[in-house]
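Inspection log for the structure reproduced underneath, given as structure tokens.
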Amino acid sequence: MEIQLFNTMGRQKEIFRPIHEDHVGMYACGPTVYDYQHIGNMRTYIFEDILRRILEYNGYSVKHVMNVTDVGHLTSDADVGEDKLMKKIRESGLSPSVETMMKLAQKYEDRFFEDCAKLNILKPTIVCKASEHVPEMIQFIKRIESNEYTYPTSVGLIFNSRKYTHYSALAKLNLDKQKAGARVKVDPERRNPSDFALWVSNQPSHLMQWESPWGRGFPGWHIECSAMSIKYLGDHFDIHAGGIDHIPVHHTNEVAQSESATGKKWVNYWLHGEFLVLDKEKMSKSAGGFITLENVVKQKIHPLAYRYMCLTAHYRSTLSFSWDNLKMAQKAYNSLKNRIELAKHEEGSANPTLKEEIATEFLNHINNDMNLPQALGVVWTMLKSDLSGVEKISLVSKFDGVLGLNLIEENTISIEAEQLIKDRENARKNKDWERSDFIRDQLLKLGIVIEDTPNGTRWKTK
Ligand code: AMP
Ligand code: ZN
């Protein structure tokens, strides 16, 4: 069965035809590590993880490359403002040095990958940091410059967006209607409103600086994704994914500079995930007031319940966040896991034809532009079907390769509940019955029923 994906470039569903027969090159823009990632960001990484898993389910081996932006991302996407990491250092009252900057970036990167692990997001095949690829970026800019797509100004080397004739293709921008000042603060030296910096120089207050043919400075934000994706995936590769906010500026600029350097098509399929929204506003770091995975766990909700919630909406639809919705997702996730536990003990005779039909139905949904809500529906109905317990479990295990919900593992409970169960075991060892009973009641409030049997303590969800 062929995979159909909605390609932002053509604004339509297309049959996925990889460049190579059996492997796929996929690049996804990673985090800017000046703060924690919020659960909106994590929705995008879950979507990209599922995309990769679907490709693998279909038999491709996937080389998944993700960047980590630790330098050069300014507070505005349009090359103005302060470096996001430097702003964070200033606001945190830390002493400004390259070392502090790197430490801070590492802290947020580590936290990001911890959150990914809790959400069962597979680690990309290659994770590449911007600060470790500046020589590659300089080489890449030289290619663009030698093809005469650039001009220098007093702030660095600028990309001439009007010279690249397909500039508006991805975002369907109307360049003639763009006014100076609409995207970039009026810079009299720039020839067009959509021109952007490839290299930024003459910024003595910027902490991280490198020598370059255009003066001492640092790379513009967009260039890292072009230079690093091409380093690891080649001049032309299959898929580029990211959040929908990146279409008009970041991805548009990535395409322009990549194709101007190589002189040929860069990426075949562009996939964009819609936003997680909070009270009808997008959840954003810069606007403040964002929810992290840690906040979710503190509310006694398991990270995989959040993953489950993400799977209930199509990746191209906005998903409204509310604590009530998330609690409902936790309930649904618990009942799904309970239902699977029951299936483990079910008997019944084998029904290979039905099993095959259900597997095909699941495949049809995931290959239909990643229709995960429908695929999840197949899991629920399959559990009610006439298949034997063994067949049900074998399908759940296969499907979970895509869903990544740990469906076969023993019931998943929140990290807090896990800790309480351990505390209770300790209390019992110490014969502290009062504390043990107190913790039992606490667990009951979390929906966990404890049973002390001659073979030890067991628990189940209510
Ligand atoms: P950033 O660290 O800001 O570069 O964002 C990392 C990723 O999260 C990018 O792919 C963004 O498009 C995506 N993103 C940002 N905000 C949201 C949101 N509210 N919902 C879904 N994805 C988001
Ligand atoms: Zn990018």
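Cβ coordinates are placed from backbone N, Cα and C, and glycine is handled just like the others.
Since this is a predicted model, take the numbers as computed values, not measurements.
Taken from TrEMBL, the feature domain 'tRNA synthetases class I catalytic' applies to 16-330.
Cβ neighbour count for HIS250 (Zn(2+) binding site): 18 (other Cβ atoms within 10 Å of its Cβ, all protein chains included). Positions annotated as Zn(2+) binding site by TrEMBL: CYS29, CYS225, HIS250, GLU254.
Look at TrEMBL and you will find 31-41 tagged as motif ''HIGH' region'. Note: the motif ''HIGH' region' (31-41) comprises 3 helix, 1 strand, 7 coil (DSSP; helix = H, G, I, strand = E, B).
Feature annotation from TrEMBL assigns motif ''KMSKS' region' to 282-286.
What TrEMBL records for LYS285 is ATP binding site.
Here TrEMBL flags 416-459 as domain 'Cysteinyl-tRNA ligase anticodon binding'. Residues of the same chain lying 6 or more positions beyond the ends of the domain 'Cysteinyl-tRNA ligase anticodon binding' (416-459) and with a Cβ under 8 Å from any Cβ of it are 297-298, 300, 334.
GLU254 (Zn(2+) binding site): 26 other CB atoms within 10 A of its CB, across all protein chains. The Cβ centroid of CYS29, CYS225, HIS250, GLU254 marks the Zn(2+) site; residues of that chain outside this set whose Cβ lies within 8 Å of it are ASN67, HIS222, GLU224, SER226, HIS240, GLY242, HIS246, HIS251, ASN253, given in sequence order.
Classification of GLU254 (Zn(2+) binding site) by DSSP places it within a helix.
Counting other Cβ atoms within 10 Å of each Cβ, the lowest count among the binding-site residues CYS29, CYS225 belongs to CYS29. Taken together, the residues in the domain 'tRNA synthetases class I catalytic' (16-330) have a mean pLDDT of 91 on the 0 to 100 scale. A Cβ distance below 6 Å to any atom of ligand 1 is met, among the binding-site residues CYS29, CYS225, HIS250, GLU254, by CYS29.
Broken down with DSSP, the domain 'Cysteinyl-tRNA ligase anticodon binding' (416-459) shows 27 helix, 10 strand, 7 coil.
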